[in-house]
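Below is one structure, written out as structure tokens, with a few remarks after it.
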Amino acid sequence: MPEIGPSSLPAASAVSRAKLTESLLQPETLPPADPAAADPHSLAGLFPSGAAPRLVIRPTDIAPPAEDARPDPADLDAAIEPLVELLSGKRIAVLTGAGISTDSGVPDYRSPGSAPRRPMTHQQFISAESFRRHYWARNHLGWEHLAAAQPNAGHRALAAMEDAGHLTGLITQNIDMLHARAGSRHLVPIHGRYDRVRCLSCDAMTPRAEFDGVLESLNPGWRERVKELADLEVAPDADVVLKSTADFRIADCARCGGILQPDVVFFGQNSSRERVERASAIVDQADVLLVAGSSLAVMGGLRYVRRAAKAAKRVGIINRGSTRGDELATVRVHAGTSETLSLLAARL
Ligand SMILES: [Zn+2]
């Protein structure tokens with residue numbers, strides 16, 4: 001069985017890793033020219049005077065308040081009893097979110113108390129080279145830290161559950177590919193994957209590791225220079241890095257000259273039809289749906305909970321804090337995914 005415990009990553013580097021991996025999780029934080037005009041959901045009224053925000057945040061990017069977090073149950077074994085009953089002997093579809101990767105040092109921006117963010121939209125990304133420069137500069141800094149993250153006990157428990165024949169498949173909202181590295185095989189990353197670069201014109205795919213050589217040759221020494229700055233301080237809106245990206249050089253598709261984007265789904269962009277269909281099939285073939293480590297804040301995940309509920313399939317949720325799917329769930333376990341999934345895998 002997978003061991004139970006926190007990530008093996010050294011705690012001392014967790015903060016800088018969190019800062020540097022930020023760019024890979026689709027969130028870019030750029031101030032629009034005129035926040036109030038750019039977005040009707042301006043938070044101007046919520047801040048004390050003198051702290052008027054430059055950021056404009058969509059409602060789904062506001063994390064629950066810190067008070068929403070609650071301690072894990074003292075007796076987790078007893079707390080998961082209803083979940084064991086719900087899932088025993090059933091074909092299980094699993095949906096995971098950022099919460100399952102936090103023990104691997106990958107930050108979850110929607111966990112209770114997280115600072116609000118304004119992610120770069122796909123429209124911004126394709127509209128101007130300055131946005132792409134900024135995005136790729138931060139990606140150049142952050143991607144290798146995501147590549148260095150290791151699967152944790154929660155990822156391994158789900159791989160073990162698949163090996164034991166309990167799962168119809170695994171749908172994940174994460175782009176970190178940690179499920180695949182833990183051994184999950186029938187896996188649909190509905191928001192894409194960080195480890196590939198796609199041409200928006202001809203669909204050519206390049207491994208991110210290979211593309212790193214291209215960016216490095218265009219920007220020799222850049223990563224080392226900015227890393228020193230980034231380690232000093234990166235505000236939630238990444239001003240330090242933002243100032244440093246104006247001279248960053250980006251590459252277009254070597255084959256057709258098209259725009260290159262990580263193979264991840266940006267805000268304002270839809271998951272591919274193929275991925276949506278494969279994910280839907282995982283739910284349709286299952287008796288029950290298990291959600292682990294997601295607040296279901298974005299429709300990309302919530303739609304599968306609704307799909308299951310509509311088909312009268314029961315839903316179990318493991319998550320610290322409330323979720324948008326709570327009223328559709330039969331069982332809720334407010335606890336961390338590493339420990340809970342490990343116990344669960346042992347009892348099914
Ligand atoms: Zn191309």
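Cβ atoms here come from the backbone N, Cα and C positions, even for glycine.
Look at TrEMBL and you will find 23-45 tagged as region 'Disordered'.
Feature annotation from TrEMBL assigns domain 'Deacetylase sirtuin-type' to 73-348.
Of all Cβ atoms in the shown protein chains, 22 besides its own fall within 10 Å of the Cβ of His191 (active site, proton acceptor). As annotated by TrEMBL, active site, proton acceptor applies to His191.
In this structure, Cys253 (Zn(2+) binding site) belongs to neither helix nor strand by DSSP; it is coil. Annotation for Cys253 (Zn(2+) binding site): same-chain Cβ neighbours under 8 Å, separated by at least 6 residues, are Cys199, Ser201, Cys202, Ala204, Ile259, Leu260. Sequence annotations record features per position, and here TrEMBL assigns Zn(2+) binding site to Cys199, Cys202, Cys253, Cys256.
The Cβ centroid of Cys199, Cys202, Cys253, Cys256 marks the Zn(2+) site; residues of that chain outside this set whose Cβ lies within 8 Å of it are Leu200, Ser201, Asp203, Ala204, Asp252, Ala254, Arg255, Gly257, Gly258, Leu260, given in sequence order. The most densely surrounded of the binding-site residues Cys199, Cys202, Cys256, judged by C-beta neighbours within 10 angstroms, is Cys199.
The average per-residue pLDDT of the prediction over the domain 'Deacetylase sirtuin-type' (73-348) is 90, rounded to a whole number.
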